[in-house]
Amino acid sequence: MQLPMLLLVSLPLLLNMFKPAEAQFPRQCATIESLRSGMCCPDYFPVFGPGSDQCGVSTGRGRCVQVTVDSRPHGPQYIHDGRDDREQWPIRFFNQTCRCNGNFSGYNCGSCRPGWTGPTCSQQINIVRRNLLDLSTEERRRFVNALHQAKVTIHPDIVIATRRREEIFGPDGNTPQFENISIYNYFVWSHYYSVRKTFLGAGQQSFERVDFSHEGPAFVTWHRYHLLQLERDMQNMLQDSTFGLPYWNFATGQNTCDICSDDLMGARSNFDVSLISQNSIFSTWRVLCESIEDYDSLGTICNSTEGGPIRRNPAGNVARPMVQRLPEPEDVPQCLEVGIFDTPPFYSNSTDSFRNTVEGYSDPSGKYDPAVRSLHNLAHLFLNGTGGQTHLSPNDPIFVLLHTFTDAVFDEWLRRYSADISTYPLENAPIGHNREYNMVPFWPPVTNNEMFVTAPENLGYSYDIEWPGPLRVTEMITIAIVTALVLVAIIFAAAACIVRAKKNRDELHQPLLTDQYQHYSDDYDGIATPSQSVV
């Protein structure tokens with residue numbers, strides 16, 4: 001068979017073999033040679049032997065280049081520069097990567113950018129992410145089954161590091177410390193790796209004021225790519241390029257979980273209120289990255305070992321009444337009125353910041369209040385279990401649905417404000433959160449800036465959701481007038497009741513309330529700062 005015919009026959013097969021790896025690290029690069037050379041530029045179609053088609057260079061897909069890292073200063077929260085493998089990601093592991101041309105993408109440029117498909121990545125595609133509760137019975141079943149399949153299917157391309165860079169070659173110096181991991185567990189592991197503490201050495205307390213995916217501008221961009229990666233992995237697993245992750249609209253204001261049924265994310269167990277019903281497949285799931293004390297004291301990294309079951313007890317935290325109810329429906333449109341993406345210090349105490357508001361450290365109007373947990377944070381805490389612990393939260397599959405809705409809010413904000421990136425800081429954000437920082441631990445490197453775009457036009461997906469538009473001036477005036485009239489009516493009615501009650505009391509010579517009755521104002525008077533939320 002002549003070479004051109006061989007290429008024609010073999011290419012479709014190879015296209016299926018080389019699926020995208022968008023994280024740490026492609027299996028082909030987890031070798032002594034690659035680690036020592038610092039090069040991770042796998043072949044796409046090596047007709048003439050290994051190394052003959054790095055990044056698909058022979059067909060113009062891409063080329064091997066030096067990794068570009070962000071060297072701008074980060075914020076003051078992190079004080080241990082030089083001690084963490086995630087600094088200037090991914091330079092501690094690799095300094096050369098594939099840079100793909102046009103719509104090509106992936107660790108060897110063998111796949112397509114989000115929103116494109118086909119052998120030459122020339123066919124546009126748009127995935128629709130829908131409300132989980134709007135899915136048919138069959139669609140719900142398929143989604144639940146797909147999640148479970150991802151939980152038990154080894155990722156075809158990715159392996160995870162189980163040691164820090166200084167120990168990556170193993171005890172004998174010749175055994176790379178990487179492990180296989182399932183598709184869904186990789187999703188869990190990525191999140192853990194981004195939030196883990198910085199190990200400072202045996203006998204020293206690990207540094208905890210570091211988080212590459214929360215409490216800063218990258219919160220929305222990091223989680224956007226995190227979801228995009230899982231969605232792509234599941235599309236490949238299912239061989240269905242139209243598969244889209246659904247969302248959970250958690251802004252119901254209720255004290256019940258409307259997706260916690262056995263046909264969806266699992267009802268409450270009849271035998272233990274903190275466990276999932278045995279009628280749900282999710283009751284069989286086991287949690288990854290539980291041994292946080294060992295990681296922090298020994299300097300080890302979470303591996304593929306699973307532990308105990310998922311814990312979940314929605315609205316069950318009686319010690320914190322504020323987290324016993326989900327965000328109110330009006331919280332979302334109120335959040336969308338915050339027109340500045342982020343504000344100094346670009347941290348969890350920023351005020352008038354859309355990012356800090358949707359993340360849930362500010363109240364829905366954008367005002368920072370240390371006593372408040374709203375929107376995304378409140379939804380996590382409401383779950384009251386695995387889903388409420390940052391390093392473990394993706395183990396509960398509700399995480400996926402919670403974050404697709406959060407991403408939908410982010411995408412609507414981008415649409416309303418024309419993706420105004422001017423207030424996304426180039427520098428002085430918490431480490432990992434600068435605009436041009438490569439998000440940890442994704443591979444090939446992808447910056448926060450690349451995810452700060454409207455999804456339908458740039459990332460190939462959209463949300464089936466209707467948002468309430470901003471109120472017009474006439475509507476606001478009308479609401480204000482009606483509210484004022486109602487208040488006046490209430491005041492007159494209350495005054496009439498007081499007069500009538502006083503008259504009756506005088507006539508009967510008997511007080512309405514005894515001295516032992518607790519007045520509503522008693523607790524309020526004891527609050528030092530009444531303007532703060534009372535929990």
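Glycine is no exception: its Cβ is also placed from the backbone N, Cα and C atoms.
Listed in Swiss-Prot:
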SIGNAL    1-23  signal peptide
DISULFID  C29-C40  disulfide bond
DISULFID  C41-C64  disulfide bond
DISULFID  C55-C98  disulfide bond
DISULFID  C100-C109  disulfide bond
DISULFID  C112-C121  disulfide bond
DISULFID  C257-C260  disulfide bond
DISULFID  C289-C302  disulfide bond
TRANSMEM  479-499  transmembrane segment
TOPO_DOM  500-535  topological domain 'Cytoplasmic'
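Reported as a whole number, the C-alpha separation between C29 (disulfide bond) and C41 (disulfide bond) equals 8 Å. Between the CA atoms of C302 (disulfide bond) and C40 (disulfide bond) there is a gap of 23 Å, rounded to the nearest whole number. Working note on the disulfide-bonded residues C98, C100: by count of other C-beta atoms within 10 Å of each C-beta, C98 ranks first.
In the predicted model, the topological domain 'Cytoplasmic' (500-535) shows an average pLDDT of 30.
You'll find the Cα of C121 (disulfide bond) roughly 20 Å from the Cα of C41 (disulfide bond). Cβ neighbour count for C29 (disulfide bond): 25 (other Cβ atoms within 10 Å of its Cβ, all protein chains included). Taken residue by residue with DSSP, C289 (disulfide bond) is part of neither helix nor strand, so it is coil. If you take the Cα of C109 (disulfide bond) and the Cα of C260 (disulfide bond), they are about 40 angstrom apart, rounded to a whole number.
Other Cβ atoms within 10 Å of the Cβ of C55 (disulfide bond), summed over all protein chains shown, number 27. Long-range neighbours of C64 (disulfide bond) (same chain, six or more residues apart, CB within less than 8 Å of its CB): M39, C41, Q54, C55, V57, Q96, T97, C98, R99.
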